[in-house]
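Asker: What TrEMBL records for this protein is below:
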| type | residues | note |
| --- | --- | --- |
| TRANSMEM | 65-85 | transmembrane segment |
| DOMAIN | 72-210 | domain 'Sodium/calcium exchanger membrane region' |
| TRANSMEM | 105-126 | transmembrane segment |
| TRANSMEM | 133-159 | transmembrane segment |
| TRANSMEM | 165-185 | transmembrane segment |
| TRANSMEM | 197-220 | transmembrane segment |
| TRANSMEM | 319-337 | transmembrane segment |
| TRANSMEM | 349-366 | transmembrane segment |
| TRANSMEM | 386-402 | transmembrane segment |
| TRANSMEM | 414-435 | transmembrane segment |
| DOMAIN | 423-567 | domain 'Sodium/calcium exchanger membrane region' |
| TRANSMEM | 455-475 | transmembrane segment |
| TRANSMEM | 482-504 | transmembrane segment |
| TRANSMEM | 553-571 | transmembrane segment |
Amino acid sequence: MAMLRDDFKYFRSNISCHSLLHVSYNYRCSMSRKLEDCHEIINFFNYFELMYCYLRIDDKLMESFAFFLLLLASVAYLLLMSIVVDHFFTPTVKILALNLRLNEYFAGVTLLAFANSSPDFVANLMPIRKHGALFTCVIGNSLAVLLVCGGMICFLRPFKIDGHSTVQNLLFLVLAIDLLHFLIVSEKKMSRTECSILLCFYVIFLIVNIADLLLIKYTIKKLRSELREQRYADLKQRKKMALLKDLELNDVINYERRKTDKLGKPLEGADDDDYRTYRTILHSPSNSKNRLLFGDLWDSINPYSVFEWKVGNCFRRTVMILKMPLLLLITLFVPVVDYDKYKHGWSKLLNCTQIVTNPFIIITAVHSKFASVYKSWYIDFNTKYSVWSFCLTVPLALIVFFHSRTDMPPRYHFLFITLSACSSLVLIVVCVGEIEILTSIVGVACNLSETFVDITIGSLTNALIDLMANFNLAMQGYEKMVFAAICAGPFFSIVVGLGIPFLFNSHVRKRGSSDWLYGEYGDNCYIFIMLAIWTQLWWCLSLNFHSRRSMGIFSWILYLLFLIYTIAAEFDLVHEFTKDRFFDLQ
């Protein structure tokens with residue numbers, strides 16, 4: 001009996017949760033509750049327990065319908081994450097870049113690259129990927145970002161690329177990929193020292209970019225001083241003036257340069273107004289402090305835009321309808337701080353309520369996830385600590401309400417960016433976790449390998465999220481920041497997005513772990529991403545760093561070839577580039 005108990009314990013701890021899809025329906029409910037892997041990979045919802053214990057699915061037709069609903073749920077999570085990134089996270093990045101006096105390139109390679117890479121970074125930390133082909137997943141995601149998002153920017157907004165920054169970022173990316181490839185393959189495992197080397201590589205990258213930013217500012221200051229001393233406009237002085245003008249264009253992010261809205265339409269008064277004007281444009285000393293209090297609240301939470309509905313086509317209107325309930329739900333507790341909006345997004349009554357609700361919801365979600373107590377198919381939301389936030393937030397909300405006005409944001413409105421950033425990160429973590437689980441379930445149900453799903457559906461999903469945010473920024477005139485983030489985001493995903501998960505994953509330090517880290521599609525992704533990087537360098541040098549629509553079309557064709565080859569390899573029509581593995585049984 002003791003031996004049987006040990007065997008059953010070993011069975012529960014070593015069997016994948018996805019394996020219950022291949023057993024009889026009569027056993028799936030009990031397996032979803034007893035397998036340890038089913039409790040480790042779930043996030044906020046246990047979809048297997050929901051399907052087989054509460055909905056009692058016991059035939060193929062109902063199961064197929066349930067998988068279809070799970071696929072729709074993943075689309076809903078995708079829409080939710082796109083709303084968070086577009087309406088809350090991206091404006092936060094722009095405001096931080098402006099207040100820190102960063103130029104577009106440095107803001108792109110740091111803040112925006114982190115924002116774009118954070119979903120991939122969060123996914124790598126999840127238990128569902130503790131034995132996953134992380135090298136293949138990250139390289140596949142990087143390939144999608146470079147070719148799909150980069151191609152979109154070149155096709156929609158041809159512009160003059162900053163030569164030295166682009167070449168520097170792409171060469172850093174090549175070095176990071178080769179370094180990671182060497183560290184994984186050389187010793188068949190990843191040690192803590194090798195993980196630290198990856199993280200140190202990102203520190204070097206930051207130091208180089210900071211030095212580059214400081215040198216630009218020093219050169220601008222030096223040129224201005226020299227031009228003030230010279231009286232005659234000779235050839236040498238004209239060259240200095242041209243260089244100074246070029247450097248000043250990229251010195252800091254300029255909100256006054258923005259001429260279009262999110263649909264690419266000209267803004268009224270864009271030539272005269274800047275972000276400071278939008279703060280006080282509705283202010284009048286004669287107005288009462290609570291003028292139009294409830295009307296202002298309705299305008300802030302109303303997800304319907306008459307202008308976007310009129311100019312939008314059928315597809316855009318459909319997306320608007322799908323987004324409206326999600327946007328309304330998020331707007332109720334996540335504050336908006338956006339310098340491109342009137343009053344910078346300030347709504348007195350709404351923001352005062354968010355001072356109370358936002359910390360309560362964030363603390364509840366984080367605490368519940370760390371506790372991971374499930375009384376049913378969903379997580380038990382624990383409010384043990386979050387209720388104490390009312391002791392601080394309720395008096396603070398009352399103070400803000402009596403001090404502030406409805407027609408102009410207070411001076412401390414900038415501090416709301418903390419609530420917006422924290423809640424955005426929590427929502428991104430939740431959405432990424434649920435999408436990762438749902439896509440893996442649907443993939444296994446369709447008899448597809450998890451790695452194949454990750455580098456095709458998963459990579460396109462991550463690229464689509466970046467595409468939505470990058471498209472809006474590019475149409476607003478920040479294509480240089482977007483292109484810098486597209487080049488630097490994959491670098492962050494490789495050195496930090498893998499360095500930290502490797503550091504805390506004890507399984508990667510076992511000899512032979514390189515086999516599952518690399519996966520069967522590792523060489524495919526490695527070869528195609530090298531083709532993508534070197535062809536981008538070739539395009540830049542050939543066209544004198546002027547992006548063209550042909551660059552975007554070429555990028556899309558190259559990614560389409562990658563998808564065709566990967567699909568053909570998955571269905572055994574061709575052999576992948578990876579060598580066949582042989583095991584020595586002696």
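The backbone N, Cα and C atoms fix where each Cβ goes, and this holds for glycine too.
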Asker: Using DSSP, break the domain 'Sodium/calcium exchanger membrane region' (72-210) down into helix, strand and coil residues and give each count.
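Answerer: For that range the per-state counts are 120 helix, 1 strand, 18 coil.
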Asker: Within this structure, do the transmembrane segment (386-402) and the transmembrane segment (197-220) have 3 or more Cβ pairs under 8 angstroms, counting pairs 6 or more apart in sequence?
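Answerer: With fewer than 3 qualifying Cβ pairs, these stretches do not touch.
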Asker: By a Cβ-Cβ criterion of under 8 Å, what residues six or more beyond either terminus of the transmembrane segment (553-571) are in contact with it?
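Answerer: Result: 143-144, 146-148, 150-151, 154-155, 448-449, 452, 455-456, 521, 524, 528, 531-532, 535-536, 539.
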Asker: Sort out for me which stretch, of 65-85, 165-185, 319-337, 349-366, 455-475, has the most Cβ pairs below 8 angstroms to the transmembrane segment (133-159).
Answerer: 455-475
Asker: With Cβ-Cβ distances below 8 Å as the criterion, list the same-chain residues six or more beyond the ends of the transmembrane segment (319-337) that contact it, or say none.
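Answerer: Counting only partners 6 or more residues beyond its ends, the transmembrane segment (319-337) has Cβ contacts under 8 Å with 76, 79-80, 83-84, 87-88, 91-92, 95, 300-301, 303-305, 308-309, 312, 344-345, 347, 350-351, 354, 357-358, 361, 413-414, 416-417, 419-420, 423-424, 427.
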Asker: Output the single range from 165-185, 386-402, 455-475 maximising the number of Cβ pairs under 8 Å to the transmembrane segment (105-126).
Answerer: 455-475
Asker: Counting Cβ pairs under 8 Å that sit 6 or more residues apart, are there three or more between the transmembrane segment (455-475) and the transmembrane segment (65-85)?
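Answerer: Yes, these stretches are in contact.
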Asker: Quick check for me: are there 3+ Cβ pairs below 8 Å between the transmembrane segment (349-366) and the transmembrane segment (65-85), leaving out pairs under 6 residues apart?
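Answerer: These two segments do not touch.
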Asker: Could you count the residues of the domain 'Sodium/calcium exchanger membrane region' (423-567) that DSSP puts in helix, in strand and in coil?
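Answerer: DSSP composition of the domain 'Sodium/calcium exchanger membrane region' (423-567): 122 helix, 1 strand, 22 coil.
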Asker: Using a Cβ cut-off of under 8 Å, list the residues of the same chain at least 6 residues beyond the transmembrane segment (386-402) that approach it.
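Answerer: Counting only partners 6 or more residues beyond its ends, the transmembrane segment (386-402) has Cβ contacts under 8 Å with 348-349, 351-353, 355-356, 359-361, 363-364, 367, 410.
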